[in-house]
Amino acid sequence: MGTKRKTLFFAFFLLLSSAHSFYLPGVAPRDFQRGDPLYVKVNKLSSTKTQLPYDYYFLNYCKPPKIVNNAENLGEVLRGDRIENSVYTFEMREDQPCKVVCRIKLDAESTKNFKEKIDDEYRVNMILDNLPVAVLRQRRDGSQSTTYEHGFRVGFKGNYAGSKEKYFINNHLSFRVMFHKDTETDAARIVGFEVTPNSINHEYKDWDEKNPQVTTCNKDTKNLVPGSTVPQEVDLGKEVVFTYDVTFKESDIKWASRWDTYLLMNDDQIHWFSIINSLMIVLFLSGMVAMIMMRTLYKDISNYNQLETQDEAQEETGWKLVHGDVFRAPNNYGLLCVYVGTGVQIFAMTLVTMIFALLGFLSPSNRGGLMTAMVLLWVFMGIFAGYSSARLYKMFKGTEWKRNTLKTAFMFPGVLFVIFFVLNALIWGEQSSGAVPFGTMIALVCLWFGISVPLVFVGSYLGFKKPAIEDPVKTNKIPRQIPEQAWYMKPLFSILIGGILPFGAVFIELFFILTSIWLNQFYYIFGFLFIVFIILIITCAEITIVLCYFQLCSEDYYWWWRSYLTAGSSAFYLFLYSIFYFFTKLEITKLVSGILYFGYMVIVSYAFFVLTGTIGFYACFWFVRKIYSSVKID
């Protein structure tokens, strides 16, 4: 029976971690017959050195007669994707050797732009049938398996024939389209899109605009002539001829698994190590909490309830002594209510987003889906923010409920919007396509004011209609004096100590998330992420309960804000880690790019602070109510 359970356990985890290979809801396969037209779309130019995406046609590439934007959702725009039509068209299963696209004479601006983008190692992104173009790369460890690099480089720097270092452009693209054929209908589905970029200084005799021919292609075979591989230099006045060829190859890969090569991660062991590391932290904390609950607390409660005389009660020390002050409203309780409400909103958004991601709705093939889902769920979860904030505010006997509701609706998103607006202005100043258009900015403001704010008011109204939460013990009119605390129980020290374990539970997974955001890689292992998220919730709750118990035992009853900050301080370590990641993993050189990185990491850390702080607060709130409702108070 034990072996069977183990097998089921491992099967469950494997199912979670390999959810990307399933048939994806909402993404339907397309069947192509021989000779059907295939249209290649172009996406942004991206670089891990600058983090500033640019429109494909920012560089002087061959343009179609009319450029059409194909952005499908809000997430694509926010991510900086700029999907447009291109001059590259194929015919299904019809090889095209050496096709001339156009010729371009480089002026001063084009030369400058190409050289800058080659310096910053920009990559060109293209899409065919929703698959991004990739360059095949052999693994460095000598194994036979291959991995993909997303997109291909604009060009390269190098020496040719002993000359000084020059810039060369990749002007000839050798495409390879893999297809999986249906044996019965002869229809085929595209399962791979690869490219090999080359730099070739094409030559021609007479240029015919209607049917251009180059002598660097063999007239009979239409393949590149051997020895004609002089690279195409980028310099003022140079003429660049853009060409491409296409080959089609049948593949055994099924359509449902076509993303597997793109998502191939050979570090599953690291993820398992991350999970086991986090589980060890949870087991250690759970043991401590169990010891406090089962032994110490049970013993304390039994002793307190058996005391018969007032004299005996006065001799007692510990957490029972502060029963008359433990539910006293803290300083700035209105602000605490706002932060707790916002934390509930973030928690609800994160949980639902992860469930959608687990079910395959937010896979990388659904481009921009994750960002769209997060924005919309944030807006609609406003009702939970208003409700939880109002319930807590009513418990503190607050009277200015409208002001409290307005703060809940505007404080957190307001801070985020200001930072986002400043960063967007910087991106716009760099002429990057990553700048969110004015129309999209207006749409975001409309979502905030038109849906989120009214829902916060609805939630607040429902929260105030409910009866106030009753305290299990009465609060004294005169506050009790708090004795001098030991150095290790001082607020700053215990708050900083409290954040280490929640951060320790997530930092390995955090590395992969940062890599996917800043190094243009796909993040898809939502199964692992969901497990880590559950572990984070448990860790935040348990460490806060343990430290809160020690605090109450030392007769310090200011636990409200302390519980929030204890778990929330993990965001401080997250930001420190992002600084370490910046200097060790990224090659960002531009000042604007550095400001962008730290600006976005401030947003992430702030959201993480509010989320973890709220989890810690509610765990502590439940714990304190539980223990004080278990003792008899005279």
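The count begins at 1 with the first shown residue.
Any Cβ shown, glycine's included, is placed from N, Cα and C.
Residues annotated as signal peptide in TrEMBL: 1-21.
As annotated by TrEMBL, transmembrane segment applies to 270-293 (among others). Long-range contacts of the transmembrane segment (270-293) within its own chain (CB-CB distance under 8 A, at least 6 residues past either end) are made by residues 17, 501, 504-506, 508-509, 512, 525, 528, 531-532, 535-536, 538-539, 542-543, 545-546, 549.
What TrEMBL records for 336-362 (among others) is transmembrane segment.
Long-range contacts of the transmembrane segment (368-387) within its own chain (CB-CB distance under 8 A, at least 6 residues past either end) are made by residues 72-79, 81, 341-342, 344-346, 348-349, 352-353, 356-357, 361-362, 405, 408-409, 444, 447-448, 451-463. Residues or ranges marked as transmembrane segment in TrEMBL: 368-387 (among others).
Residues or ranges marked as transmembrane segment by TrEMBL: 408-429 (among others). Outside the transmembrane segment (408-429), and at least 6 residues removed from its termini, the chain residues within Cβ reach (under 8 Å) are 52, 337-339, 341-342, 382, 385-386, 389, 435-436, 441, 444-445, 448, 452-453, 456-457, 460, 592, 595-596, 599-600, 602-603, 606-607, 610.
Residues 74, 341, 375-376, 378-380, 382-391, 393-394, 401, 404-405, 408-410, 413, 417, 421, 424 of the same chain sit 6 or more residues outside the transmembrane segment (441-464) yet have a Cβ under 8 Å from a Cβ within it. The transmembrane segment annotation in TrEMBL covers 441-464 (among others).
Summarising the annotation, TrEMBL assigns transmembrane segment to 492-519 (among others).
Counting only same-chain residues 6+ beyond the ends of the transmembrane segment (525-552), those with a CB under 8 A from a CB of the stretch are 13, 15-20, 265, 271, 274-275, 278-279, 281-282, 285-286, 288-289, 292, 296-297, 318-319, 322, 326, 350-351, 354, 357-358, 362, 489, 494, 497-498, 501-502, 505-506, 509, 512-513, 559, 562-563, 566-567, 570, 612, 615-620, 623-624. The annotation transmembrane segment is assigned in TrEMBL to 525-552 (among others).
Annotation source TrEMBL lists transmembrane segment at 564-583 (among others).
Here TrEMBL flags 595-624 (among others) as transmembrane segment.
Proximity of distant same-chain residues to the transmembrane segment (564-583), defined by a Cβ-Cβ separation under 8 Å and at least 6 residues beyond the stretch ends, is recorded for 336, 339-340, 491, 494-496, 498-500, 502-503, 507, 510-511, 514, 540-541, 543-544, 547-548, 594, 597-598, 601-602, 604-606, 608-610, 612-617, 619.
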